[in-house]
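Visitor: A single structure is presented below for examination.
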């Protein structure tokens, strides 16, 4: 188990003194309370306050600290925080954020709010943001910062060294970027290394020491960007529009953060939580979102239950079967979900594609046969001993064995098929699998029981 | 849906020509086939081959390419690949990897294999690896590289600039690191910025331009490292032993990669896949691991089913109830899992701690009451219409409402309680929740039915 320093220390609740300092408009006390905390912990305390108090705190503390808290917050929470502020204050906080974070935030606000804030921002920054929000989130355009460390093809090594050495405020924004050289049309034509800069004369033209740059199109998806950063040690890659113009730089850090966010959101969706819920959101919203998914699930459950309904007579004759119906369907559901989990992982690692469905099925069915036989024997013995009927043991064991094989076959393949037809496998695989394994489980148990009736009663 | 370039292109199977080239020992053809592929895709093709053929390919291609494939592979697969090679060849491949990757790999090999490879490696590298494997995986020590870009406190700016400009092979290893200054005891005393280097004279002592460094202890856990990199723009942070000595540097990239891996492995564990299975592993191993989790699950299922067994008479009297038993338990299980999902997310974001259990429960129970009433009414109406009995509708609806409230209460809190007692919430929350909601669901339906018997028959 990871032993977590933050979890052990400092378990007293700071939200009460924070609220008191905010109510007293005591900025010094507020900063003293919040600033020493790791940002995740400061955010946690903030979210313990009411919505009004959160906004009050963000209005009082220095814009840089407020910006760090907004940046730390999950996207919807961040949007809620910013929507409570005045447009002028929101714009001050925006100024402290990178352009990719600005664009994500603006994209999450309602249109009037977004316009009000943009109109208070620096004109150039606002123009960058207006452009960035047009790109899809999980593409190079959506992940890049608009600020590139670029030089024209007529400039010299000395110019870059002067820029690097200047204490320009913008300097920090280029951290991790190499100097990119663009031609008169704004197209990147080269990149220079630090080593190149240090081993050249200050009067040398940048074009004399540059190497051709790797660039990516604005619409390159996250998945491919992950691959590129895996293969190359670059900290950033320049991004170009369809016309070849340099429009920004996507960093390794932005790609990693997006990959982590995607992984966490997929794992939530698999449990039926769509839309990145946090408990600091309003109850009715959380309730409504969860209900939407559950209501769809009720329909699937009715479908499965109708199988039991069709066999009520069989059940009446051998009521002990009712004890094992949920067991068989639940156990196969678990087996199937294991196969779903492995396929989802292999999809996210890029190790399988929809076209691999048959290969996956072959691999899965062999595990299904082994585990089906093992689990079938196990549960068969349990049923035999518990209810004193070898025939019942045979029915239940055989049903679980068959349903396990079916469940892992479907579980392994269903995410690939969903992806092929353009559905999100993280959302739909689980409910689809469970419905099929429930129906099939009930059917196997009850139809085998109907067949074996003379030996069961 | 993310539209995936890699998924659409190049769907023909390259593993056949790769095998042919390997069999013919045609290294040029092999490199021509593999090198142009993104590394994840090259690995995917490699894993389509038999274990012997995979090893053959890795023996033939240049060590650098082999190293990239080994690095791309999930850890257990990487270990399997390396174990098939001769120790000399494995050491050649090791030489191309960073020390943190070397240590991860060596740690995954069996001891004899590991020793054989270490004895073929560069003596200094081997010593680094022997030290690195002693640290826990998800700590600064486990994630750092042993190579630090360090200088003594008697050296000058000119020395650093010369080192930066040299085309030393080691240079690439320091990418993203700042020059760290260590005193005669090996303790870091300062760090210098690129800007500081460029604005100083070559003869200036490094100590004259350095600022105090942020350092982390070797045992700092991943969670805290994520916080630190969130708060600071650093690309790397120096790592010190208990005695204050500089022993390595942990990079932002290594921390992000570890966070992503942890997130994916947690999401697998929640589905009952423990130990990062891939389909390229041997069937018996995959089967055995999955069975271990499923067998534990069978015991929990028997516990839940025993509730049904206790009420067989009630069931016999109103057999229609059997249709709704799995529905009630399954629906509540889903509701509870949503709450588990949200808590797991808030845990991983650092927004809740075990001590917040009561606060979480309050937030969860309000959603539970709303959703319980909504779902209860819905399923109650379904049961009434389907089986033509208002009393049955009341029993089923009430049971689902009560069980939903219970399920979200438990689901929200159980991961926190498990964490408090030192258990892994990702593994145990699901089975524990399902068992409780199954038992309670069966109990609510059957005991309410027993109470309402006069109106049901």
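Note: Cβ is positioned from N, Cα and C throughout, glycine not excepted.
TrEMBL entries are annotated by machine, without manual review.
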Visitor: Kindly point out the range from B:261-288, B:317-344 that TrEMBL annotates with transmembrane segment.
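Guide: TrEMBL lists transmembrane segment for residues B:317-344.
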Visitor: Under the DSSP assignment, what numbers of helix, strand and coil residues are found in the domain 'CBS' (B:209-265)?
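Guide: Its residues fall into 24 helix, 15 strand, 18 coil.
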Visitor: When secondary structure is assigned with DSSP, how many helix, strand and coil residues does the domain 'CBS' (B:144-208) contain?
Guide: 23 helix, 13 strand, 29 coil
Visitor: Restricting to the same chain and to residues at least six past its boundaries, which positions have a Cβ under 8 Å from a Cβ of the transmembrane segment (B:317-344)?
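Guide: Those are 266, 270, 304, 308, 352, 360, 364, 367-368, 371-372, 375, 379, 383, 386-387, 389, 392, 395-396, 399-400, 403-404, 406-416, 425-426, 429-430, 433-434, 437-438, 440-442, 444-446, 449, 453, 456-457, in sequence order.
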Visitor: Restricting to the domain 'CBS' (B:144-208), report the mean pLDDT as a whole number.
Guide: 83
Visitor: Do any residues, 6 or more residues outside the transmembrane segment (B:365-386), come within under 8 Å Cβ-to-Cβ of it, and if so which ones?
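Guide: Contacts with the transmembrane segment (B:365-386): 323-324, 327-328, 331, 335, 339, 392-409.
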Visitor: Using a Cβ cut-off of under 8 Å, list the residues of the same chain at least 6 residues beyond the transmembrane segment (B:291-311) that approach it.
Guide: 272-274, 325, 329, 431-432, 434-435, 438-439, 442-443, 446-447, 449-450
